[in-house]
Amino acid sequence: MEKVLVFGHKNPDTDTIASAIAYAELKKELGVHAEAVRLGEVNGETQFALDYFKVARPRLVTEVSKEAQHVILVDHNERQQSADDIDAVKVTEVIDHHRIANFETSDPVYYRAEPVGCTTTILNKMYKEHGVAIKPEIAGLMLSAIVSDSLLFKSPTCTEQDVIAARELATIAGVDANVYGLDMLKAGADLSKKTIDELIALDAKEFSMGPFKVEIAQANTVDTAEVLLRQAELETRIEALIAEKDLNLYMLLVTDILTNNSVALVLGPEASLVERAFGLEATNHLLYLEGVVSRKKQVVPVLTNTAAAVE
C-alpha cells in the first residue's frame, strides 16, 4: 500500500504537530498507510506536550517528494508555508482552520476548513464521524493544540466548539485542562535560552498580502521586556533575513500570555503598513498592541486589507 505523508506548516507549532499525529492515527485506523512527519524543529511547548503524553515527535522531512507521491496538509494550505517541494507531490486532503490563499490543485481534493480556533477541534469531530475512539495520549495532544491556539481559551479565535472539544479531550486524556494547559503554556513561554535565530523563527509564517511578501513570527512569553532586551540583535538578524528572502515586511509579535497584550517589532521597506493597519505610530520599530493575541484573527486580516488598498 502506498504511503501518504501527513504534515503541517514550516516552523511547526503545537497544533501542526498534534494534528499531523492525530490525523495520521485516524487514517491508519481507517486502513490508510499514513505517517505523520514535520517540516521543522519542535518548539518547547510542543515538546512539553509530547513528553507529558509520552508520544514520539514525528520524523523530520526536508523533501516530501522523495518520501511519497501523495500528501495530506493539516493546519495550513498556503503553498509558501508548506514543504519546499509541495508542487512535486499531489495534495489529496486539507484539514485546516485558516484563510484559504495561494492554493490550487489540478484534481478534486477533500478540503475541510472550519472557522474554529484549532485544527484538532475539527479532527475531534472527524473521529466521531468515523466511529473511532481517540486514544488517551492522542487526546492529550489534541487538547494541547486547542490550549495552545486559544491561549487557554482566552484568544478571540476560540469558539464554543473549541471549548467543548477541549473538555471532551481532557476527560479522555485524564487531565484537568486548565491546570495542565497553564503548565504547558508556561513551558513554551520560557524564551531565555532561545537563540536569536530561534526567536525570529518561532511559529513564523509567510503570507502574500496584495503585492507584498510578509513574514510574521509569534513568540509567547510571560515577560516581553526580557525579549526586547535583545532588540538590537534581533533587528540585525531580521534585516539580514529580509534581504535573504526579499521580504517587504517582517513582524515579530511578542505576546504576553498573562496580560493578553502584544508588542510588535516591525522591520522592512513596508513596515508602515502595520502603522496604517492599526492606526498607531511605531517607536523604535515597536508598536504596543493592547488586547492583540491572535495573528490569525487580529493581525493578518487587517494587514491584508491594508495591503490590498495599496494596489
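Just so you know, the numbers here start at 1 and follow the chain as drawn.
Note that Cβ sites are derived from N, Cα and C of the backbone, with glycine treated the same way.
Quantities reported herein were computed from a predicted structural model and do not represent experimental measurements.
Within the same chain, the residues at least 6 positions away from HIS9 (Mn(2+) 1 binding site) whose Cβ sits under 8 Å from its Cβ are THR16, LEU39, ASP75, HIS76, GLN81, SER82, LYS205, listed in sequence order. Taken from Swiss-Prot, the feature Mn(2+) 1 binding site covers HIS9, ASP13, ASP75, and the record attributes it to sequence analysis.
Among the features that Swiss-Prot reports, Mn(2+) 2 binding site is placed at ASP15, ASP75, HIS97, ASP149, with the record citing sequence analysis. In the three-state DSSP reading, HIS97 (Mn(2+) 2 binding site) counts as coil. Around HIS97 (Mn(2+) 2 binding site), a 10 Å sphere centred on its CB holds 25 further CB atoms from the protein chains shown.
ASP149 (Mn(2+) 2 binding site) is surrounded by 26 other CB atoms, counting those within 10 A of its CB over all protein chains shown.
Listed in sequence order, ASN43, GLU45, THR46, ASP75, SER148, ASP149, ASP203 are the same-chain residues six or more apart from ASP13 (Mn(2+) 1 binding site) with CB atoms under 8 A from its CB. Shown in sequence order, ASP13, THR16, SER19, ASP96, HIS98, GLY117, CYS118, THR119, THR120, ALA145 are the same-chain residues outside ASP15, ASP75, HIS97, ASP149 whose Cβ sits within 8 Å of the Cβ centre of the Mn(2+) 2 site.
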